[in-house]
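Participant: Can you read through this structure? Questions will come right after.
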Amino acid sequence: MLVRADLNVPLDGDEITDDGRVRASLPTIEKLTGAGARVVVTAHLGRPKGEPDPRFSLVPVARRLGELLGAEVAVAGDVTGDSARSVVEGLTDGSVALLENVRFDPRETSKDDAERGAFARELAELVGDGAAFVSDGFGVVHRKQASVYDVAKLLPGYAGGLVLSEVDVLRTLVGDPRRPYVVVLGGSKVSDKFGVIEALLPKVDKLLIGGGMAYTFLAAQGHQVGSSLLQNDQLDATRDLLAKHGDKLVLPVDVVVADAFAADANTRVVEADAIPEGWMGLDIGPRSVELFADALRTAGTVFWNGPAGVFEFEAFAAGTRGVAQAIVDSDAFSVVGGGDSAAAVRTLGLPEDGFSHISTGGGASLEFLEGKDLPGVAVLEGEA
Ligand SMILES: Nc1ncnc2c1ncn2[C@@H]1O[C@H](COP(=O)(O)OP(=O)(O)OP(=O)(O)O)[C@@H](O)[C@H]1O
Ligand SMILES: O=C(O)[C@H](O)COP(=O)(O)O
């Protein structure tokens, strides 16, 4: 049985700082091993450049998965090579193996259908005739990638319990969300999420923009943003969005700037239109937190993806903590989605039960809310 999981967890060296996605993968794996299946798990970690890179190895994840399952997880040293073949051959009924990071092979994320197809065929051949594919990595179902999409065309493909339950909850936000419907976006995958903003704006009452995303908006308003994250190729599109939907968009009014991307950098709080040359915005400031909290306090529905700042460093965690606390304090139906956003909730010590649902998917949830077909779901034949 081939299982695609999303085990893309935050790491500090080879220490997992939040194992939420590993935990979320357990029920499906345990259901399969309980039924005596030999389970081969595939997953990615980070965005390596299509070749093996020890910084993105899944070895620490295999260790954690084994601890949580209470059973050894054999880990292959490659994705579909000799090591993978021998690890899969060594599996006994009810045991689990994890292949190395699928993104160590450039064909996983190739735009070329034939290349992805060839890689998917190698994955399918590893598990052999008669095996099935269970898609359980909700966080990655928006990616048309070999281990998510193409492999489901070669093996009978089923949605795992995690994918089904995530889709169930998110569906309630697409149908008829209780209003006001407020979406908070942040994080660092700025280029990925611009399209989403455009698609979501007509559906929401307010869109609050923090994190690395904010600086392209501030720049589009004509402000200097120093060395903050900036998506130059989106400036014109962002200007159009501001012109069309300025009434719904809420941007930071102040930011915490730093002279380096480091935990011990020098920091200052400045007005959003006064970021000094050479400094970078790494968090929203206290007045912005208040502004965001005002919108969140009265919301009927909240969806939040992407930390408001670099919360991994305490100096830039206040914005994310403030946004999260405001959501917890509201009476809204609230969903937080994304690897780092969910990790932020836990590592900043917020009560998980203060949110109606913590989703494992960030980009995946956003694309679902946008109303897009998720390739990794659309390609499946049924439920596992
Ligand atoms: N101003 C900023 N500049 C640079 N990085 C930022 C900034 N604000 C937040 N970040 C970083 O964004 C990262 C998370 O972004 P990301 O878009 O991956 O969110 P996510 O919740 O993991 O969603 P997904 O599941 O789609 O990946 C964090 O590691 C955080 O440090
Ligand atoms: O962290 C995520 O959102 C998922 O694991 C997908 O990762 P990706 O954005 O690198 O495809």
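In case you wondered, yes, glycine gets a Cβ from its N, Cα and C as well.
Caution: TrEMBL annotation is automatic and unverified by curators.
Got these off TrEMBL a minute ago, pasting:
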BINDING   Asp6, Leu7, Asn8, Arg21, His44, Leu45, Gly46, Arg47, Arg103, Arg143  substrate binding site
BINDING   Lys193, Gly281, Glu312, Gly338, Gly339, Asp340, Ser341  ATP binding site
Participant: Provide the three-state secondary structure of Gly46 (substrate binding site) computed with DSSP.
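Facilitator: For Gly46 (substrate binding site) - judged by DSSP and reduced to three states - the answer is coil.
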Participant: Across all the protein chains here, work out how many other Cβ atoms are within 10 Å of the Cβ of Lys193 (ATP binding site).
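Facilitator: Other Cβ atoms within 10 Å of Lys193 (ATP binding site): 25.
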Participant: Which of these binding-site residues has the least crowded Cβ, counting other Cβ atoms within 10 Å: Gly281, Gly338, Gly339?
Facilitator: Gly339
Participant: What binding-site residues in Lys193, Gly338, Gly339 place CB under 6 Å from ligand 1?
Facilitator: Gly338, Gly339
Participant: Among the binding-site residues Gly46, Glu312, Gly339, Asp340, Ser341, name every one whose Cβ is found under 6 angstroms from ligand 2, counting any of its atoms.
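Facilitator: The qualifying binding-site residues are Gly339.
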Participant: In the three-state scheme derived from DSSP, which category covers Gly281 (ATP binding site)?
Facilitator: strand
Participant: Just to verify a number: CA distance, Gly338 (ATP binding site) to Asp6 (substrate binding site), in angstrom, no decimals.
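Facilitator: Each residue's Cα considered, Gly338 (ATP binding site) and Asp6 (substrate binding site) end up 11 Å apart.
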Participant: Using the recorded substrate site (Asp6, Leu7, Asn8, Arg21, His44, Leu45, Gly46, Arg47, Arg103, Arg143) as reference, state which further residues of the same chain have their Cβ within 8 Å of the centre of those residues' Cβ atoms, listed in sequence order.
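Facilitator: Those within range, site residues removed, are Ala43, Asn101, Gly139, Val140.
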